[in-house]
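Report on the following structure.
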Amino acid sequence: MTVTIVGSQLGDEGKGGIVDVYGDAVDVVVRYQGGDNAGHTVVHEGDEYKLSLVPSGAVRGKVGVLGNGCVVNPETLFEELDALRERGLTPDVRVAERAHAILPYHRVLDGIEEDVKSDDDLAAGTTGRGIGPTYEDKAGRRGVRIGDLLDAETLRARLEYVVPQKRALVEDVYNLEIGDDIDADAFDVEALFEQYREFGRRLDEEGMTVNCGEFLNEHLDNGDEIMFEGAQGTSIDIDHGIYPYVTSSNPTAGAAAVGTGVGPTVVGRGEVVGIVKAYLSRVGTGPLPTELGSVDGQTPNNGGRPDESDLATYIRDEGGEYGTVTGRPRRVGWLDMPMLRHAARANGFTGLAVNHLDVLAGLEEVKVGHAYTLDGEQLLTMPATTEQWADCEAEFRSFDGWPDVDWGAVADEGYEALPENARTYLDYIADELDAPIYAVGVGPGREETVVVESPL
């Protein structure tokens, strides 16, 4: 059986924590898209682990797989694995040979291109990790795959083909000089060959590379349980998100098949759990109809609600709303129900996990953007174009707040121990999305989760 964990909003919904909660029941945890731009925090036995590439389940002794839909920075991968080993863990991580490798020139170009876009207010809020340029090379059939690192002749041929193109892009299109502020080794075939050939040797020596689809299907044939772990969220999916303020891959559930080599009928027979943050947050630019306050350099000039900056700061501080990878403050807002309805439709949620419910505790009133108004019409889901979305006004519903309680005790006692007003809020979410509540996160630790039902 399979279960797919999907972010229903703009990323950072707490997917890693839910993977951790249900992880004991699975044998393999697979990431099917994204790269080391996807920061996630896992708390295990009181220790906190901040990861950006290694699948969350690897912290709990499960087999972790980076699928062919991922883009992999080998340097980050080995840094994270070494750090986990230094803390006494023995992570078992495999990498799809069809996954594409992030190279230094991808990261350089990511920064250059984001600077150019920022002049036109088109910046996507990239982490600068080279994710977008790597996916561009994948689509342009000029990428370097993990399997290429295992063969010296193939690796050299790939680099000799693509590196001159990257040099020309920097020098002739962006009119920049390689050297000084731009690392010359990032555009040097020999330097790249030596560095990435060494990565290939280590991958080979540690037996880390796999034919992903074959590897996973063998596990399924043996009766193993597999969890697909999505990164980011539905509303920054390159097809279903708020384009162009999106990531470069598909965090939605359909990509679990494409990004791993497991058939869509297999994924479809399993569960799809939508992870919902009890309010809204994001890093990056673009519209956000339910935004509270504003963040310099991210909130559009005509967006946000500056008169509610104190409330925004309270939620941001209580929720620790700062990027795991970048440390940037996240924009925050009330829950956006049209966004969630869109996510439920695009992913086919069979259940929901609502996180950070405790962050809103103590507020007298909690609001939800129930619908939008656009040109005098009510919309219950997101419009298809970002330009229309920017013109949407949120229609709010108000809920009575709930007190701050001993959330650890609530998690021990179960769903009925949640404050009544909090349950009313959760029931509203479940009813609107036509999916039951499987879990409620009321704190950062695994033990601070109210587990209602298991998808496995």
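Backbone N, Cα and C define each Cβ position, glycine as well.
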Swiss-Prot annotation, IMP site containing Asp12, Glu13, Gly14, Lys15, Asn37, Ala38, Gly39, His40, Thr127, Arg141, Thr247, Arg328 - matching residue among Gln165, Gln232: Gln232
Nearest recorded site to Arg330 (substrate binding site) by CA-CA distance, among binding-site residues Gly11, Gly14, Thr41: Gly11
Alpha-carbon distance [Gly17 (GTP binding site); Gln232 (IMP binding site)] in Å: 14
Which of Gly17, Gly327, all binding-site residues, has a Cβ with the fewest other Cβ atoms inside 10 Å: Gly327
Whole-number Å value for how far His40 (active site, proton donor) lies from Asp12 (active site, proton acceptor) (Cα to Cα): 7
Rounded distance in angstrom between the Cα atoms of Pro329 (substrate binding site) and Gly14 (GTP binding site): 17
C-alpha spacing of Gly14 (GTP binding site) relative to His40 (active site, proton donor), in angstrom: 8
